[in-house]
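Undergrad: My questions will all concern the structure given below.
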């Protein structure tokens with residue numbers, strides 16, 4: 001587990017974004033942990049989150065030209081990460097960003113895109129990948145503008161097999177996205193990093209077995 005991933009998992013716990021217990025998740029499964037990036041909802045926490053996104057992106061060594069935030073959750077993520085990159089000593093230059101509207105605007109500048117023109121190698125930023133719908137829409141928008149999707153950058157990779165229990169895919173939603181679009185998915189942290197923390201920190205030992213069992217059943 002990298003220092004960035006370790007620090008991010010602890011940060012998510014401190015902010016109440018990552019919790020342990022019993023939670024019904026979007027898939028309908030009962031999960032022993034829950035990651036809710038919507039709880040990064042203050043200037044300080046979003047600023048720190050953006051610094052983690054920026055570091056994970058730079059650590060990946062990816063060649064990219066700009067950021068794209070899919071509406072709605074990706075909008076503040078792309079904006080804040082562009083700010084974090086602008087002040088990062090490893091970043092080269094001022095990174096532009098753009099985002100889309102869900103509804104086209106029929107006055108002013110019009111259209112569904114806001115921000116810098118989509119061009120070059122574009123990184124899509126989101127919190128997690130569940131079904132891959134926002135990624136698909138983003139890829140279509142970027143390609144339609146004549147630009148190239150370069151990667152998807154997310155906060156947490158749940159490393160979880162997609163599909164209903166009776167027809168589980170052998171792959172996770174993240175793996176499906178990478179294969180379908182031929183682009184890497186970069187995550188700040190993953191379920192493997194959460195499990196490493198549970199192994200290393202005795203204060204979370206009570207949750208270790210349930211998370212391990214969940215990964216055994218649904219993990220990739």
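Just so it is clear, glycine is given a Cβ too, placed from its N, Cα and C backbone atoms.
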Undergrad: Which residue of 10, 143, 158 does Swiss-Prot report at the same orotate site as 34, 35, 130?
TA: 158
Undergrad: Counting all other Cβ atoms within 10 Å across every protein chain shown, which of the binding-site residues 129, 131 scores highest?
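TA: The residue with the most neighbouring Cβ atoms within 10 Å is 129.
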Undergrad: Looking at the binding-site residues 130, 133, which sits with the largest number of other Cβ atoms within 10 Å of its Cβ?
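TA: It comes out as 130.
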Undergrad: DSSP three-state call for residue 133 (5-phospho-alpha-D-ribose 1-diphosphate binding site): helix, strand or coil?
TA: helix
Undergrad: Where residue 35 (orotate binding site) and residue 127 (5-phospho-alpha-D-ribose 1-diphosphate binding site) are concerned, what is their Cα separation in Å, rounded?
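TA: Approximately 10 Å lies between the Cα of residue 35 (orotate binding site) and that of residue 127 (5-phospho-alpha-D-ribose 1-diphosphate binding site).
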Undergrad: How many other Cβ atoms sit within 10 Å of the Cβ of residue 35 (orotate binding site)?
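TA: Around the Cβ of residue 35 (orotate binding site), 21 other Cβ atoms lie within 10 Å.
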